[in-house]
Every structure is written in structure tokens, then in C-alpha cells.
């Protein structure tokens, strides 16, 4: 299945969000959104990603 | 509130009246030293896409955490209500705070906040339990609407972000202070010099929030110290109460007893 993670195309076998995060190698701390909608950490295990979904995984960065 | 010795943000008290940004410093070491020197207790942060190959930005995060300050996440770069609301929720989960510096940009040229959607976004976030600190223009009515929907802190710009021009419209900023005496007012953006900070406090503003003025100074650490002094001087000057302004000169040395003077 083709999805976009942080605006880069990825091919994934598993549709479970928790597995996709693991496969991406996300480093804590991070937060996640799918198609622009926040996904709470408590929902990672039950969230399924669909083909062509846009997944954002974000981390702290400096800001003004 | 405006005569309190402490800065009050949603019921929480702070000694420093300088909120500082964490961006644009020449190095992490300079960032840390400047933040310490500024005596700020609140530092702004943001969220961006993670690249696992650079360890997910962990070094910045660890260094910032080591300072033990209150974090104020922003929604910088957001152009829609959906972006703002979802980035705020991501920030709340990751930073473990319900504070959010609401930035909703309406124009790329001057990074002016979107006045129409800003109030609606603030309302949504407040109802979702956020403590919203909206970055807005110096428009009195927008500020009143933000206060009406429950914002206890409002942050009008001094001038556009990153310009360092100081207070472009002091009359408008004064009107906001006059009409919202019980709201914590913070000048956010546009300051470039310590004298600009003094000016903000002399208008009765409760605090300032800045980043570029310190981070992009030739010597950020010394400039951080200068802004710390400026905040204290400006606040003290405001509380002391200025002398009456006059249109004509009035001598300070007594006229009575002046030698060489004779009545003709």
C-alpha cells in the first residue's frame, strides 16, 4: 500500500498505524496526524491507515 | 492585574515579563546561554515533521528541557483553522501543556494574522480546554472579540514578525490597553531594541515576547541581558507614573531670587 509519510512516498505492508510508525523509525517524542487530523497516542493501536493517506509525524523544534 | 508585581498568565504567576523564542540562534549553546541570561521563565517551541535520520530533533529537545522552563508551543506556519486546531492538539499531547500560542497567518507578505478566523479558532480551542494566547494585530475590535470569547491573554504585534521595527502604532496599542484593563497584554513580534521593550511597558503592557531581537543580535547573550534590564526599567517606569506632559517649557530652577533682575 502506498502512503505518504512526512510528504515522502512509502510502501507499507501493514495498515496498522502503530506498525507504520515503527517501520518509519520514529523517535520519541512525536505526535501524529493522518490527513491533517490529530491522532491521539492512545489510538495508535486501533487506527488503520488507508491507501494514499497522508501521515504526519512531528517532533519538537525551536520556535518563536 | 496591571499593577501586580507578577505577570499572570491564566492564573499562573511569573516574575519575568520577558517571553523568549528558541529559534534562529547561531548555536544551541548560544540559545541556552541567551535564554538563561534573559531571565525568561517561558520559552516558545514548535512542531515540525520528524526526520529519524537526525535523531528526530532530540538534541534540541533535551537541551531545552534541561533549562526547566515553562513551554509555550506555537502554531506558527498555520494558514487554516483546521491546521491550527490539529497542530494545537499535537502540541498538547507532546508537550503536556494546554497552553497554545495561537498563530493563524492570513498573509504571507507581512505574516499578518488572519483577523476573521483568529477569533473563531480561539473560540474552538478555548472550548476544547486550551489556554489560548493569540497573536493578533493591533486592531482594538479584534482584541475585544478575543477577550469576549475567553482569552485571558492577548498578544498584539508591535510590528510584523522579524522586522525589528518596534511599535509601529503606539496609539492603537494604547487604546487596547485602555479598553482591556483586566486582560494580560503581551507585545508579540516586531521588537528589535531594548528601547522598544521599554516603550511597550511604558504603554502599560504586561510583558513582551520576542525572538529575533535577541537571537539575531551580534551578541545574543549580551542582548538577552539588555532586554532583561529593559523589561524591568520599563515596568518600573510605568508603575512609577510619568510626569505630566506639557506643550511649553517650564523651568525647574526657581525664578524667585534670581540675581541681576530688576523691575524697571
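These residue numbers are counts, starting from 1, taken along the chain as shown.
Glycine too: its Cβ is placed from the backbone N, Cα and C atoms.
According to TrEMBL, B:189, B:190, B:211, B:212 bind 1-deoxy-D-xylulose 5-phosphate; the candidate from B:162, B:234, B:237 that the record adds to this site is B:162. Binding residues for 1-deoxy-D-xylulose 5-phosphate (B:162, B:189, B:190, B:211, B:212) extend across at most 9 Å, taking the greatest CA-CA distance. In the predicted model, the domain 'Thiazole synthase ThiG' (B:9-254) has a mean pLDDT of 96. Residue B:211 (1-deoxy-D-xylulose 5-phosphate binding site) sits 14 Å from residue B:101 (active site, schiff-base intermediate with DXP), counting Cα to Cα. When each of the binding-site residues B:211, B:212 is scored by how many other Cβ atoms sit within 10 Å of its Cβ, B:212 comes out lowest. Rounded to a whole value, the Cα-Cα separation of residue B:212 (1-deoxy-D-xylulose 5-phosphate binding site) and residue B:101 (active site, schiff-base intermediate with DXP) is 17 Å.
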